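Visitor: Submitted below is the structure of interest, expressed as structure tokens.
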Amino acid sequence: MKFIQELPVLIIVIPLIFALIIPLVGRLNRLIPWIISSTITFFCFLISISLLMTVLDTGKISYWLGGWEPPWGIEYAIDYLNAFVLVVVSFVAFIVSLYSRRSVELEINEDKRSVFYCVYMLFITGLMGIVITGDIFNIYVFLEISSLSGYALIAMGRKREALVASYNYLILGTIAATFILIGIGYIYMATGTLNIADLQERLPALFHSKMVLVALGFFTVGLSLKLALFPLHTWLPGAYAYAPSVVSCIMAATATKVGVYAMLRIIFGVFRIEFDIHFIPIANILIVISSMAIIVGAALAITQTNLKRMLAYSSVGQIGYIVLGAVLADQEAMTGSVIHILNHALMKGALFMVVGCIVYKTGIEDISGLRGMGKKMPFTMAAFTIAGLSMMGVPLTVGFVSKWYIAIGALNAEMWYLIPVIITGSLLSAVYIWRIIANIYFPDELPEHELQYTDGGAEITNHKSQYSEAPWSMLGPTMALAALCIYFGISATAPLYIAEKAAVMLLQQ
Amino acid sequence: MKLCALGVFAVNFFLDMFGLVIMADIIHIIQTKYYYLVVIFLMMIGLYATISTRNLIKKIIGINIFQISVFLFYITMSKVKHGTAPILWDKSHVYDNPLPHVLILTAIVVSVSTTAVALALIINIHKEYGTIEEDMILEKQKLDIDRSNIA
């Protein structure tokens with residue numbers, strides 16, 4: 001019983017400790033780092049499921065670190081929204097960790113592999129810390145833990161551009177984190193507290209203070225940079241394109257989602273919705289910006305020739321959907337937004353995993369290189385097709401569910417002019433996804449000499465449509481995520497139930 | 001206080017030139033809140049340096065100045081008039097707020113680690129590209145792309 005009560009802190013402490021153990025024992029056997037990281041992330045997934053169950057049974061969990069009562073001590077506060085995002089993050093972390101073995105063997109030098117898993121665990125720790133904590137300064141600290149490990153992970157990419165991409169992300173990420181720090185300073189100055197629940201109670205009396213306005217401004221800009229909202233997205237394509245495949249998977253599927261979570265928590269949890277609408281038109285500004293993100297992200301994705309870069313720009317568009325749903329301040333739209341955190345994690349995770357499989361098998365990252373891949377890697381391409389259809393928002397896939405809810409929410413909020421935006425975004429994503437699907441299944445004639453496959457970087461064969469599928473250790477997780485894309489598209493009751501509760505909680509505080 | 005006097009002089013000079021009448025307000029702000037002006041000044045220097053220079057190390061210096069301005073901001077707000085260090089002491093019962101100091105201790109650690117990671121990246125960039133000027137790196141990246149297109 002005692003053990004169960006300590007779960008909220010264990011989900012942070014266990015990966016943190018094992019992050020340090022991995023490089024120590026990693027030299028014994030080359031499989032050990034992978035085994036440890038998969039086991040630990042699976043364990044975290046189990047803990048997060050158990051936390052979610054507890055939240056569904058009994059409501060909010062409040063864990064006092066060191067037994068100090070909040071608002072004096074640091075509190076880990078878990079409600080519907082936290083528990084939901086926590087399950088998403090730990091699940092994706094587990095799946096990506098399972099997937100990572102062969103891909104890491106190919107893309108990362110032998111002497112760096114155990115360090116890679118160490119930093120990977122630190123990254124996960126940081127993300128889960130942001131999600132679980134109920135203390136606003138703790139959010140900053142965990143944000144920096146995850147960002148710093150993120151820079152290191154990106155810099156492990158094979159090409160030398162990875163270093164520059166990582167450096168650019170570091171500069172922008174640090175500016176963003178410092179902005180968030182200034183915001184925290186202002187609201188601490190105004191209220192004298194750092195606990196989120198306590199801030200919620202104290203801030204409404206101070207809504208007329210300029211300090212609180214300035215704080216919200218800094219938070220919005222800082223968080224928008226972190227989650228790559230449209231005009232501030234410049235770090236994202238480079239970072240995703242040059243990072244190792246596994247890192248692209250985990251970052252695309254979780255890091256920006258956690259950024260969105262932090263934004264939801266601060267804009268709707270710390271400040272209240274009436275403040276965002278009546279005292280400063282932040283909601284309206286964000287509606288305009290996120291609509292632009294939806295269109296521009298998808299349009300830029302169409303112009304890309306590199307597969308990873310295209311998916312990165314498509315992420316920019318999808319983040320636009322999440323933010324748009326959130327700032328409409330309508331229950332249905334908020335539900336769509338929260339559930340899109342899960343849905344986008346599933347489909348972007350699956351898409352980047354497919355890219356990882358292609359890179360592992362052929363070394364190709366260009367869209368033009370994918371011709372006729374449907375015969376060569378049928379299972380991988382099936383996963384790509386399913387996740388791609390999700391990205392477009394075809395019914396019976398997860399993408400449809402969230403877009404439907406966001407569209408309904410836009411109608412409820414009497415903003416019909418957002419419906420064309422949502423649909424245009426979907427159509428544009430149909431353009432960039434269908435271009436690839438057409439390429440892989442219905443190829444044009446291709447000169448023989450352009451096809452060179454390397455098997456794990458070793459053998460080179462020149463047969464055109466020879467069946468050569470990615471190893472099952474990579475294919476399994478990819479197929480699992482793709483299957484979930486369909487499963488949650490058909491029976492979305494469970495995530496919708498939680499997302500609805502989270503939306504009600506965010507809007508009615 | 002010398003800084004104050006200098007500030008008052010500067011403002012007077014400025015106002016004489018443009019004949020404005022809000023002098024009293026501005027002087028009051030400068031006299032009572034000059035420490036915040038220092039923070040803003042440093043913050044702008046830091047941000048400007050980060051954005052404007054093309055040298056990777058100078059950018060890091062800019063980021064550091066920017067972060068330090070925020071540290072000063074926290075330390076400034078923790079100061080209580082006539083406050084002492086937050087320890088039990090018979091001679092004074094007013095003490096500064098220790099919490100921002102602790103927060104900033106954490107933020108300093110974060111800042112140092114960011115600098116360390118950034119410098120490690122710069123070392124690697126220098127190894128790979130042979131330069132730490134952004135323009136040169138961009139040129140070399142373009143060459144890379146051209147080469148891969150030809151191949």
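Even glycines carry a Cβ here, placed using N, Cα and C.
According to TrEMBL, the feature domain 'NADH:quinone oxidoreductase/Mrp antiporter transmembrane' maps to A:134-428. Residues or ranges marked as transmembrane segment by TrEMBL: A:7-25, A:31-56, A:77-99, A:114-132, A:139-157, A:211-230, A:242-267, A:279-304, A:341-361, A:381-405, A:417-437, A:479-499 (among others).
Help me see these features in their spatial surroundings.
Guide: Within its own chain, the transmembrane segment (A:7-25) is flanked in space by residues 32-33, 36-37, 40-41, 43-44, 47-48, 50-51, 61, 63, 65, 76, 78, 86, 90, 114-115, 117-119, 121-122, 124-125, 128-129, 132, which lie at least six positions past its ends and keep a Cβ under 8 Å from the stretch.
Counting residues 6+ beyond its ends, the transmembrane segment (A:77-99) has Cβ neighbours under 8 Å at 8, 11, 34, 37-38, 41-42, 44-45, 47-49, 51-52, 55-56, 59-63, 120, 124, 127-128, 131-134, 196-197, 246, 249-250, 253-254, 257-258, 261, 264-265, 338, 341-342, 345, 349, 353, 356, 473-474, 476-478, 480-481, 495, 498-499, 501-502, 505-506 in the same chain.
Residues 107-108, 112, 116, 119-120, 122-123, 125-127, 129-130, 133, 163, 165-166, 169-170, 173-174, 177, 180-181, 184, 226, 239, 242-244, 247, 250-251, 255, 258, 262, 265-266 of the same chain sit 6 or more residues outside the transmembrane segment (A:139-157) yet have a Cβ under 8 Å from a Cβ within it.
Sequence-distant neighbours of the transmembrane segment (A:211-230) (same chain, 6+ residues past either end, Cβ-Cβ under 8 Å): 143, 147, 172-173, 175-180, 182-184, 186-187, 189-190, 203, 236, 256, 259-260, 262-263, 266-267, 271, 275-276, 279-280, 282, 286, 289-290, 292-293, 296-297, 315-316, 319-320, 323.
Beyond the transmembrane segment (A:242-267), the same-chain residues lying 6 or more positions past its ends with a Cβ under 8 Å from any Cβ of the stretch are 81-82, 85, 88-89, 92-93, 96, 99-100, 103-104, 107-108, 120, 123-124, 127, 130-131, 136, 139, 143, 146, 150, 153-154, 156-159, 161-162, 165-166, 196, 216, 219-220, 223-224, 226-228, 236, 276, 282, 308, 311-312, 315, 319, 322-323, 326-327, 337-338, 341, 344-346, 348-349, 352-353, 355-356, 359-360, 506.
A Cβ distance under 8 Å defines the sequence-distant neighbours of the transmembrane segment (A:381-405), meaning residues of its chain 6+ beyond its ends; these are 314, 318, 321, 325, 332-333, 335-337, 339-340, 342-344, 346-348, 350-351, 353-354, 373-374, 422, 426, 429-430, 433-434, 436-437, 440-441, 475, 478-479, 481-486, 488-490, 492, 496.
Sequence-distant contacts of the transmembrane segment (A:479-499) (same chain, six or more residues past either end, CB-CB distance under 8 Å): 52, 56, 80, 83-84, 95, 335-336, 338-339, 342-343, 346-347, 349-350, 353, 379, 382-383, 386-387, 390, 395-401.
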Visitor: When you scan the chain for residues with a C-beta under 8 Å from the transmembrane segment (A:279-304), skipping those not six or more beyond its ends, what do you find?
Guide: 207-208, 213, 216-217, 220, 224, 229-231, 233, 267, 273, 310-311, 313-321, 323-324, 327-329, 367, 415, 418, 421-422, 424-425, 428-429, 431-432, 435
